[in-house]
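Notes to accompany the following structure.
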Amino acid sequence: MASPRLGTFCCPTRDAATQLVLSFQPRAFHALCLGSGGLRLALGLLQLLPGRRPAGPGSPATSPPASVRILRAAAACDLLGCLGMVIRSTVWLGFPNFVDSVSDMNHTEIWPAAFCVGSAMWIQLLYSACFWWLFCYAVDAYLVIRRSAGLSTILLYHIMAWGLATLLCVEGAAMLYYPSVSRCERGLDHAIPHYVTMYLPLLLVLVANPILFQKTVTAVASLLKGRQGIYTENERRMGAVIKIRFFKIMLVLIICWLSNIINESLLFYLEMQTDINGGSLKPVRTAAKTTWFIMGILNPAQGFLLSLAFYGWTGCSLGFQSPRKEIQWESLTTSAAEGAHPSPLMPHENPASGKVSQVGGQTSDEALSMLSEGSDASTIEIHTASESCNKNEGDPALPTHGDL
């Protein structure tokens, strides 16, 4: 489970709200986290085993677009963060005496404290970076549709994702563990920077990504209508695929992380009470404990559920997956080429304008393919479809494709 509370566990002088969830069935909780994390890693490996659509021998060897690199970075962060959860839960279950020394009020041993702080910061840093990468994906999707940019900004995405995540994580840890791990300062003013590290990018993804996705869907509709001046059934289907995909992404994020926001709100509310053990606060304590266990189940599941949202099931053939609905990229490109035939009433001697139009059309196809499929295969399909159109270059009515 990815929560800033993992870092406060390392402080012997932890607050009462943190102690409430820490002391509630700790072995059952870590066993649940271990099982959920192990299941996520196993399903993730099944997703990677066979390739769904291997590229043909004649496929162009092009570098992956920026969105694919962003998704790979987000997946790597999630995978490593989940691995950190599994290792931490394994140590908590297998070496209870090693962990108990962290809670010693008189003295804190160096190695248990180092493992506690290191594993907590590892999990928090990687999941924070994962959220920043998901925000970069939404930004890149919008920029690609608006101005066909992406690869040129991948370095900026790396700086923003890793730089902001590292900066916030280091600052939060320095404030939380001041002056030392064994004598952490109590109070919200020291803990708030630590919580900002995790919840700032999470809230940014939950609030800003839907806005960017909606703007992207609107821009996609305008792009599809502007290519031929009409909105065909095939193009309407393409726009619907992109819209549904964005909806699935946000649904997974809300399902996996809403419990964290609810739990943290309840614990902050308890911290502001003079006595959290009061009878009137029993429903709040019960809700906090319940959402704490829900977090242990849903947080590690994010990576696998996002892979389903992006690509569907791509792993071992289990015999029950439904056939995928492919978009007719070839017919789209062909129809665009047919729309480029000059009218008998129009002059024929302007190949440059036809070439620019066709290049722009191919770029928009690649952008749409990148959003609807999110893999290299979709871009390859478009190149294949474009090559099939290039075979008709002998026809003077067909404009030639330019190199991108």
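Backbone N, Cα and C atoms are what each Cβ position is placed from, and that goes for glycine too.
Marked as compositional bias 'Polar residues' by Swiss-Prot: 355-366.
Residues or ranges marked as region 'Disordered' in Swiss-Prot: 338-404.
What Swiss-Prot lists as motif 'lysosomal/melanosomal membrane localization signal' is 222-231.
Mean per-residue pLDDT, taken over the topological domain 'Cytoplasmic' (50-78), amounts to 70. Among the features that Swiss-Prot reports, topological domain 'Cytoplasmic' is placed at 50-78 (among others), with the record citing sequence analysis.
The topological domain 'Cytoplasmic' annotation in Swiss-Prot covers 146-149 (among others).
Taken from Swiss-Prot, the feature topological domain 'Cytoplasmic' applies to 213-248 (among others). Per DSSP, the topological domain 'Cytoplasmic' (213-248) is made up of 32 helix, 0 strand, 4 coil.
The topological domain 'Cytoplasmic' annotation in Swiss-Prot covers 314-404 (among others).
Look at Swiss-Prot and you will find 29-49 (among others) tagged as transmembrane segment, backed by sequence analysis. Outside the transmembrane segment (29-49), and at least 6 residues removed from its termini, the chain residues within Cβ reach (under 8 Å) are 1, 79, 82-83, 85-86, 88-90, 92-93, 292-293, 296-297, 299-301, 303-304, 307, 311, 313-316.
The transmembrane segment annotation in Swiss-Prot covers 79-99 (among others) and is backed by sequence analysis. Long-range contacts of the transmembrane segment (79-99) within the same chain: residues 1-2, 6, 26-27, 30-31, 33-34, 37-38, 40-41, 44, 111-112, 115-116, 119-120, 122-123, 126-127, 130, 299-300, 303, each at least 6 residues beyond the stretch ends and with a Cβ under 8 Å from a Cβ of the stretch.
For 125-145 (among others), the entry in Swiss-Prot reads transmembrane segment.
If you look up Swiss-Prot, you'll see 150-170 (among others) marked as transmembrane segment, on the strength of sequence analysis.
Only residues 6 or more beyond the boundaries of the transmembrane segment (192-212), in the same chain, are considered here, and those with a CB under 8 A from a CB of the stretch are 2-4, 7-8, 124, 127-128, 131-132, 134-135, 138-139, 141-142, 164-165, 168-169, 171-173, 175-176, 249-250, 253-254, 257, 260-261, 264. Positions annotated as transmembrane segment by Swiss-Prot, on the basis of sequence analysis: 192-212 (among others).
Annotated transmembrane segment per Swiss-Prot: 249-269 (among others), in sequence order, evidence recorded as sequence analysis. Long-range neighbours of the transmembrane segment (249-269) within the same chain, counting only residues 6 or more positions beyond its ends whose Cβ lies under 8 Å from a Cβ of the stretch, are 2-5, 17-18, 20-21, 134, 188, 195, 199, 202-203, 205-206, 209-210, 213, 284, 287-288, 291-292, 294-295, 298-299, 301-302, 305-306, 308-310.
The annotation transmembrane segment is assigned in Swiss-Prot to 293-313 (among others). With a threshold of 8 Å between CB atoms, the same-chain residues lying at least 6 positions outside the transmembrane segment (293-313) that come near it are 1-3, 29, 32-33, 36-37, 39-40, 43-44, 47, 52, 71, 74-75, 78-79, 82, 85, 127, 245, 248-249, 251-253, 255-257, 259-260, 263, 321, 324, 374-375.
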